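Sequence annotations record features per position, and here Swiss-Prot assigns region 'Disordered' to 36-56, 90-178, 631-705. Residues annotated as coiled coil in Swiss-Prot: 97-178. If you look up Swiss-Prot, you'll see 198-226 marked as motif 'Q motif'. Look at Swiss-Prot and you will find 229-405 tagged as domain 'Helicase ATP-binding', backed by sequence analysis. The annotation ATP binding site is assigned in Swiss-Prot to A242, V243, T244, G245, S246, G247, K248, T249. Taken from Swiss-Prot, the feature motif 'DEAD box' applies to 352-355. The compositional bias 'Basic residues' feature in Swiss-Prot is assigned to 662-673, 695-705. The compositional bias 'Basic and acidic residues' annotation in Swiss-Prot covers 674-694.
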Amino acid sequence: MHRYCRVGFRDEHRISHLTASTMAKKHRDDFVMTIDSDSEASDGGDSDTEQKTGDLNPDFVFGEAEETAFTGWDLDQKDVANHKDVDLDGILRSKGGLSGMIDGEEEEQKEEEEENEDNAEDEEEVNAGEDDEDLAMDGFGMGAEQEDDEEEENSEQENEHEAESEDEQEQEISENDEDSAAAIAEFYEESKTTEKITSFQALQLSRPLLKGVGNLGYTVPSAIQAASIPIAMMGKDIVAGAVTGSGKTAAYLIPIIERLIYKPAAVSATRVIVLTPTRELAIQVCDVGKKLGQFVANLNFGLAVGGLNLRQQEQQLKSRPDIVVATPGRLIDHIRNSPSFSIENLEVLVMDEADRMLEEGFQVELTEILELIPKHKRQTMLFSATMNTKIQDLIQLSLDKPVRIMVNPPKQAASKLVQEFVRIRKREHLKPALLYHLLRLVDPQQQNRIVVFVSRKEMAHRLRIVLGLLGMKVSELHGSLTQEQRLQSVKDFRSLAVPVLICTDLAARGLDIPKIEIVINFDMPKTHEIYLHRVGRTARAGREGRSITFVGESNQDRSIVKDAIKSLEEQKNGKAVSRTVDWKKVEELNSIVESKKDTIDEVLEEEKSAKEILQAEMQLEKASNIMKHEKEIHSRPKRTWFQSEQEKKQAQRTPVMQSLTKHGKKVNSKKRKAHEERKEEKRSYKKTKSDRSAPKTKAKSKKRK
């Protein structure tokens with residue numbers, strides 16, 4: 001009997017190992033390569049050959065079947081960074097870049113260090129109390145796994161749509177969309193004096209939630225939190241706005257988690273959906289929610305964003321998490337194509353950055369989501385840094401007698417922000433050299449986080465190459481990057497591995513990147529509202545910060561500066577100064593930049609060739625796998641969308657664009673806006689030749705009489 005048990009034990013061990021090995025091999029064989037995926041690992045031989053010994057392994061212990069729960073996309077994991085991308089830094093090093101300062105900078109740096117010693121001591125005093133946890137940035141510690149074969153086409157379409165929408169947003173923004181002070185005053189009621197809430201205990205929150213709030217270092221509710229949390233806990237619809245960095249994310253997550261503490265434990269269902277305009281903001285919101293509810297039993301979060309693994313998201317949504325944080329496109333995809341995902345029991349709908357959600361790029365998706373969501377009674381909350389008061393937009397969102405909350409007057413920058421302006425005049429060609437000069441001047445050791453905003457993705461990429469060739473560590477963040485590249489850029493920026501981040505307005509909305517010391521506006525934004533969002537990345541949560549803006553000679557640039565100064569005068573806080581620049585030094589640096597033009601072109605060409613080689617390898621491997629698993633791939637149901645390609649293009653084309661593009665030519669934003677203005681204006685009557693000659697004939701007839 002004893003011998004029989006021993007043999008059975010050994011055979012069971014061998015069988016279990018063979019089964020696991022076979023399943024792993026089958027999983028590898030079932031994998032179809034995509035452009036954004038890793039290369040397949042080669043099989044190193046059958047693992048069962050190692051188990052052919054007849055001896056019993058004394059260290060073998062039976063364990064329970066492990067189920068890996070989703071714990072966030074942790075970019076710090078080593079096994080995530082296997083994605084093949086073009087090594088741009090390697091190309092720059094081969095061209096002599098990223099090696100330090102250019103010739104002649106060493107001596108000047110010593111002088112600058114002596115001048116900046118006093119400033120460094122002041123900064124140490126300011127930063128002494130900044131040991132707080134980087135809460136929201138942990139949301140970027142999210143590992144991005146590669147997409148499988150089914151989602152490749154959808155992901156490419158999402159990336160193209162996002163890149164197009166980013167370009168469209170740069171073109172479509174006009175000052176006519178801004179509300180006047182009278183319209184805002186009419187929309188929001190006059191403020192009434194209420195009791196000031198001095199602690200989260202006064203909000204009557206549950207103990208598990210209070211423990212999570214305390215662990216995050218929250219002690220006193222911010223103004224938006226104190227105003228909105230009690231109303232949200234009453235179940236009323238909310239339209240709320242506050243300045244950036246005021247804690248809007250926690251303002252809606254805290255009442256939601258408090259509500260879910262009392263949910264029916266027997267039934268698992270998705271009860272809350274949080275919509276965000278960008279993937280990065282969705283990842284951040286999901287991570288903040290997990291930390292707030294870490295001590296709440298049976299509280300689950302789901303993430304549904306484009307660019308990340310579709311199959312993993314489907315498996316996660318299959319468990320019906322309580323709160324799903326999503327971007328509009330991927331949410332519609334899951335509702336239509338994931339049979340196990342249901343929103344029948346939805347109770348709360350949140351739209352973060354609501355004004356941007358209502359812009360043209362998200363209008364169609366929002367309408368479709370509102371049609372897909374059940375019509376039963378639900379709570380809807382809109383949170384944003386700015387709140388557009390267009391009545392038709394609020395009606396479309398189907399709000400039921402919403403409570404309107406506006407904390408802090410709109411169009412105000414942080415009180416501890418120093419706004420500096422550099423007048424470019426007719427020196428547009430010197431801007432790259434000026435940027436390098438200022439970066440070396442304000443942070444010679446590259447120990448502070450600096451965000452540089454540009455208007456175009458192409459300029460962001462070119463500046464990264466230029467500054468890299470001049471010896472600076474720089475990363476980029478914009479819509480043309482893959483999701484893995486975006487997350488890696490922010491992770492490097494967070495850890496100060498790369499202290500300078502060049503980005504478009506993609507990162508200007510909602511993202512809480514902590515401890516950013518300086519914001520530089522390389523290109524002036526389109527409106528004062530976008531300017532506030534950009535400079536709002538620094539001087540957050542009561543810290544000091546500085547913004548440096550390059551101002552051109554256009555009327556638009558000047559009006560934004562006037563609005564910023566006017567806002568400071570009304571606010572009676574903050575500071576605005578004109579920064580003097582040593583233009584002779586900038587011109588010397590520009591001559592160095594000009595001398596590297598051929599090198600820049602070589603880097604761009606080499607990068608393009610490397611990308612083509614990588615894509616060819618991926619396509620070759622993908623074709624090979626498709627031939628092996630053709631039947632299985634074609635047997636899977638095709639994913640559907642609520643719009644055809646023709647309907648998408650038609651929805652994006654406004655009547656003005658249709659009239660301007662009759663012959664298939666693309667029109668830039670200036671021509672389109674000029675056409676709109678001409679169409680809106682009443683046509684003035686212009687005298688014809690006969691009209692001008694009529695008075696003369698009348699005068700002659702009078703003389704004859």
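From the backbone N, Cα and C atoms, a Cβ is placed for every residue, glycine too.
Look at the Cβ of each of the binding-site residues S246, T249 and count the other Cβ atoms within 10 Å; the largest number goes with T249. Per-residue confidence over the motif 'DEAD box' (352-355) averages out at a pLDDT of 80. Other Cβ atoms within 10 Å of the Cβ of A242 (ATP binding site) number 25 in total over all chains. Of all Cβ atoms in the protein chains displayed, 25 besides its own lie within 10 Å of the Cβ of K248 (ATP binding site). When Cβ atoms from all protein chains are considered, those within 10 Å of G247 (ATP binding site) total 19, not counting its own. When secondary structure is read from DSSP and collapsed to three states, K248 (ATP binding site) falls in the helix class.
In the motif 'DEAD box' (352-355), the DSSP tally of helix, strand and coil residues is 2 helix, 1 strand, 1 coil.
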